[in-house]
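Lifted from TrEMBL, the feature list:
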TRANSMEM  B:21-45  transmembrane segment
DOMAIN    B:82-295  domain 'ABC transmembrane type-1'
TRANSMEM  B:86-106  transmembrane segment
TRANSMEM  B:118-141  transmembrane segment
TRANSMEM  B:172-192  transmembrane segment
TRANSMEM  B:229-250  transmembrane segment
TRANSMEM  B:276-297  transmembrane segment
Amino acid sequence: MRIMKAVKTAVAGLLAVSCLTSVAACGPGSSSSKANVSNEPVSTDLGDTKYELRLWDGAGLKAFDDQLIAAFQKKYPNVTIKATYDPDNTSQQNGPRIISAADTPDIARITDINSAVRGNHLVNLDEYAKAYGWDLPDSQTQVYRVDSSGKIGSGSLYAVPDGVSMTGLYWNKKVAKELGITEAPATVAELEADMKKAKDAGKLAMMMPAKEGGTSYIYQALLTNYEGRDAVQDWIIQKDGATFSTDGAVKAAQKIQDWQKAGYFSKDALALDGSTALSRFSDGQALFFPSGSWYSASINEALGDDAGWIAFPGEQADSGSAAANAVTAFGIPANAKNKNAAAAFLDFLQSDEARQIAVDNGYPPIGEGDTPSTDNQLLGQVLTAYEGLVETGNTTDYINNATAGMQASAIIPGFQSLIDGSMTPKAFVESIQAQYEKEVK
Amino acid sequence: MDTHKTVAAAKAAKPKRGMSLGLVSLLFLAPALLFYIAFELWPIIQTIWYSFYEWNGIDASTFIGVENYITVFTDPELYGSILHSFYLIIFFSVIPIVLGLIIAVLIKDMKSKAGRSFAQVCLFLPRVIPGAAAGVAWTWMLADKGTANQLLRSVGLGDFAHVWLGDQSTSLNAVGVIGFWLQLGFCVVLLLSGIGGIDQSLYEAASLDGAGWWRQLFHITLPGLRGQIGVCLTMTIISALASFDVVYMSTQGGPGTSTMVPGVQVYRLAFTQQSVGLASALAFTLMILVLLVVGPLQRLVNGKEK
């Protein structure tokens with residue numbers, strides 16, 4: 001009994017002490033670790049000093065990053081870069097912790113620009129941009145600019161993309177031919193007519209992986225058609241007064257639900273994940289597959305010349321749109337030890353050599369120079385489509401990225417409920433906006 | 001005798017060293033206790049502490065009192081996930097124990113020893129497979145062209161075929177089936193070992209008195225297994241309320257939010273949405289609920305024995 005009493009007293013004491021210190025002192029996380037901040041003057045000259053940089057990215061991009069690093073090290077023999085990778089499905093979760101750690105890498109994938117800049121975890125790149133003369137199109141850097149009040153969309157630059165990842169519509173030309181379709185749809189009306197033809201012939205019209213939110217790509221294109229590019233982008237970058245609750249958003253949701261009712265998606269759409277959808281489309285099981293440039297290499301390999309790609313069609317011809325953003329947006333954490341050397345890598349990302357490496361890995365390059373060459377005919381179509389979109393400027397970031405929890409907590413469950421009819425288009429739109437308001441402060 | 005002397009000597013020596021028995025015991029306990037405090041109590045205390053803040057896990061936090069708890073009980077998505085986990089008790093707990101009991105009695109009555117061991121191994125196998133792996137495997141089996149639907153179609157019941165995990169009306173039950181499959185073996189093995197401990201002569205006497213199978217079950221087996229059933233209930237209810245791996249791998253809480261459980265929700269809130277405070281509040285609420293369910297259960301099972 002005495003032991004119990006002693007233990008009880010000890011535990012109670014501990015509890016009391018911990019409660020007191022925690023509540024009285026301050027909340028969790030307020031003591032930031034800025035011990036390692038070194039403020040070297042901005043310079044583009046690395047001299048002969050030996051640098052050892054660390055880079056952090058998602059594991060799926062290892063091949064791409066390794067080639068970039070090899071080329072960079074050739075150019076700067078005194079710099080070595082050691083890369084570490086996290087699995088793609090956890091890099092989103094780990095990102096904020098990695099860039100704010102005391103021993104942060106020098107170059108890191110920025111997973112959430114909002115919290116990164118608000119928490120002062122990133123180096124402002126403006127001086128480097130001036131020193132190196134960086135000149136990237138606005139559409140590629142807008143979401144990496146943050147002003148002094150913490151608003152995205154304009155102001156100082158905090159990250160540089162290494163390539164572009166964009167959405168679009170794959171189509172199987174062989175299946176199309178069998179259905180008597182010779183041209184890719186130029187408008188939404190034509191797309192719907194083609195889907196009807198496929199449905200009537202007993203062919204799956206559109207591969208729709210709704211298990212992991214794959215519905216959002218084509219939805220976003222419809223939304224852009226109805227509400228215009230700026231309205232969509234303003235909402236994504238959290239501009240004051242931007243809202244998702246618009247007639248266009250409801251109309252686009254209605255369209256998705258209509259397509260489901262018309263039988264254009266497979267019966268198991270809600271349980272279909274992206275990679276299964278890819279393998280089925282590669283097997284010739286559907287006419288259309290709304291997805292992204294990231295699958296171009298595998299689809300090209302599987303379907304060869306039968307594989308086609310177009311920007312999502314608009315209401316009228318030649319008004320296509322896409323969601324596009326960086327494959328990886330690289331920034332320099334505030335705690336990084338070698339900021340000048342890290343900036344040299346960000347500068348290298350914009351070189352012709354790096355742009356060619358991006359294309360070799362299946363991504364449209366950043367910048368506006370000549371499009372690098374590729375043997376992959378499908379990627380060639382992606383690049384042509386993207387070139388056109390850079391000119392019209394009809395690209396937005398992904399609605400999935402509007403807030404950190406948007407994809408998991410609203411987009412995935414929302415589209416599932418929209419497709420199976422348990423949510424009306426209006427309720428769907430409201431659920432997206434509700435999640436947004438929960439997170440945007 | 002010498003021992004008397006040593007004991008007496010020890011008793012005499014104790015006050016000299018100035019250490020009470022309690023203190024000495026505490027010293028022996030200290031290493032384990034320290035680990036317990038560092039890795040059990042302290043995280044719990046931290047979770048409670050975090051739950052009163054709005055915090056993204058990294059930067060400065062703001063004290064917001066019980067607001068997170070108000071959200072937990074007013075946001076249908078959050079309290080809905082708790083309701084789902086209670087519903088899962090049927091599949092994780094009730095059905096495995098009832099079926100497990102019947103199976104255990106049937107195995108006990110088997111004549112062949114080899115058959116007995118074979119049945120035990122077969123039934124226990126699912127328990128060896130990690131929940132995450134089971135989640136993936138069952139995703140395929142419950143898919144549109146998966147084993148479950150193939151079976152239905154092969155016997156002409158194609159109309160009942162479903163995309164089990166992809167339909168809001170069946171998904172929670174489908175997840176429950178995976179849980180049932182995982183828990184059944186555990187219950188069977190535990191109950192079998194309990195039956196082994198019941199005096200066989202009781203059964204013989206009962207048979208002589210003309211008691212049938214059901215009477216024996218209710219009057220000998222069941223009362224004899226109270227302890228084991230209690231353990232089964234406790235373990236399976238906890239795994240139902242705190243389920244994560246099966247749900248995360250098979251549905252991630254979807255379609256819609258039809259299979260969302262607190263375990264997945266906490267993970268999502270804390271690491272994807274960076275709402276560590278709200279996640280902590282939900283986690284602590286879940287812990288209290290588990291204790292509220294399991295605590296009285298322990299009383300019920302153990303209390304009666306005394």
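The backbone N, Cα and C atoms fix where each Cβ goes, and this holds for glycine too.
Same-chain residues lying 6+ beyond the ends of the transmembrane segment (B:172-192) with a Cβ under 8 Å from its Cβ atoms: 84, 87-88, 90-93, 95-97, 99-101, 103-104, 107-108, 120, 123-127, 129, 131, 134-135, 138, 142, 164-165, 225, 228-229, 231-232, 235-236, 239-240, 243, 246-247, 250-251, 258-259. Through the fold, the transmembrane segment (B:118-141) approaches residues 103, 107, 110, 147-148, 165, 174, 177-178, 181-182, 184-186, 188-189, 192, 243-250 of its own chain, all at least 6 residues removed from its boundaries and within a Cβ separation under 8 Å.
Here the transmembrane segment (B:86-106) has Cβ contacts under 8 Å with residues 119, 123, 172-173, 175-177, 179-180, 183-184, 186-188, 190-192, 194-195, 217, 221-222, 225, 229, 232-233, 236-237, 239-241, 243, 261 of the same chain, all six or more residues outside its ends.
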